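**Student:** The feature compositional bias 'Basic and acidic residues' is assigned by TrEMBL to 106-117. Taken from TrEMBL, the feature domain 'GST N-terminal' covers 4-83. Annotation comment: TrEMBL describes 61-204 as domain 'GST C-terminal'. According to TrEMBL, the feature region 'Disordered' maps to 96-117.
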Amino acid sequence: MAEDSVKLLGYWASPFALRVKWALKLKGIQYQYVEEDLPNKSPMLLQYNPVYKKVPVLVHDDKPLAESLVILEYIDEVWKHNPLLPTDPYERAKARFGPNLPKTSKKGEEKEKAAKEARENLKTLESGLEGKRFFGGETIGFVDIAAGWIGCWAQMTGEIIGIKLIDAKTMPLLDAWFKDFLEVPFIKECMPPQDKLLEHNKEFHKILTAAST
């Protein structure tokens with residue numbers, strides 16, 4: 001697959017663009033990465049995603065696709081090797097339901113309530129790891145790619161607001177999964193610098209906190 005036939009418009013700190021990078025790497029697809037300056041959106045982004053003007057956007061043979069989970073399914077349909085989704089229809093349907101975690105940018109009791117809700121969602125997610133190393137079994141699959149950013153998010157949240165969401169005692173399966181996930185070479189290769197990402201998220205958290213007061 002020629003690199004110029006596949007482009008990914010993304011932003012270095014976007015977990016959703018990271019999902020697409022992981023999927024392309026897993027499939028071994030060469031692609032051109034276009035880094036966006038989100039405050040000053042490029043003409044290419046406005047051309048390919050004129051309605052929402054957001055990343056990620058995958059452009060394949062000059063045909064654009066937006067929204068990360070839609071892009072993951074498209075990648076799996078077009079490039080059949082190293083499948084992301086299970087072959088069983090029921091398992092495929094279950095894999096398409098990604099976790100939706102609440103933001104923890106509020107204060108006091110509201111922050112604790114949001115953290116409790118996040119832990120409940122994480123526990124539900126963890127149940128999919130019973131007897132497995134990855135959600136895809138012994139290999140990384142759709143849910144691993146879709147949920148991989150959650151471990152990063154939970155770590156950042158713990159450092160920023162002082163509430164630990166995942167640890168070996170309360171969620172041993174999820175904790176072990178995330179550690180194994182980050183050790184996979186192509187996953188590690190795509191990860192942004194952690195110190196830079198932490199500072200970015202601290203600034204983003206300040207903006208969310210100010211907006212909620």
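Cβ coordinates are placed from backbone N, Cα and C, and glycine is handled just like the others.
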**Student:** Can you check how the pLDDT averages out over the domain 'GST C-terminal' (61-204)?
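**Tutor:** The predicted confidence over the domain 'GST C-terminal' (61-204), as a mean pLDDT, is 87.
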**Student:** List the helix, strand and coil residue totals of the domain 'GST C-terminal' (61-204) as derived from DSSP.
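**Tutor:** Helix, strand and coil residues of the domain 'GST C-terminal' (61-204) number 89 helix, 6 strand, 49 coil.
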